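Engineer: Dropping the structure in here first, questions after.
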Amino acid sequence: MLTVSLLVCAMMALTQANDDKILKGTATEAGPVSQRAPPNCPAGWQPLGDRCIYYETTAMTWALAETNCMKLGGHLASIHSQEEHSFIQTLNAGVVWIGGSACLQAGAWTWSDGTPMNFRSWCSTKPDDVLAACCMQMTAAADQCWDDLPCPASHKSVCAMTF
């Protein structure tokens, strides 16, 4: 009985110590994803949630832009929320390639990084859904909506990598 009482007292003391750390903000237990520190992005990249974003100023085709992003450790940017869309808008001084494409099947838009396309910001009459225009760009229009363009066009691009 004495042993059980000692164990209970020890557990209460440890629980109290951990509660004190939480109240003081010194607890080391991992918190939810939204409370994680931003990733340490490579030079030239900017943190956005659990990802790093890079604005590539050299104009190139969609395929070369994707290859370039992969060489840098990422993909052309996928966009999953209005927050991400707005952030990328702040980087964009004109038309840029982002990671959407429908080149395998007209109208079947996917992100090059394989993530689900759960957010959309198409321009009002887009996409055209023709294979000749199967790569996605963010326009230079006021709302910087998405448009489908022929992939051989040369534009700047936005890369993203996840940590």
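Including glycine, each Cβ sits where the backbone N, Cα and C put it.
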Engineer: According to Swiss-Prot, which residue among CYS103, CYS123, CYS134, CYS159 is joined to CYS145 by a disulfide bond?
Structural biologist: CYS123
Engineer: Looking at the disulfide-bonded residues listed here (CYS41, CYS103, CYS134, CYS145), whose Cα lies nearest to that of CYS159 (disulfide bond)?
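Structural biologist: For CYS159 (disulfide bond), the spatially nearest of the disulfide-bonded residues is CYS41.
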Engineer: What's the number of neighbouring CB atoms sitting within 10 A of the CB on CYS145 (disulfide bond)?
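Structural biologist: That number is 16.
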Engineer: So of all those disulfide-bonded residues, CYS103, CYS134, CYS145, which one's Cα sits nearest to CYS52 (disulfide bond)?
Structural biologist: CYS145
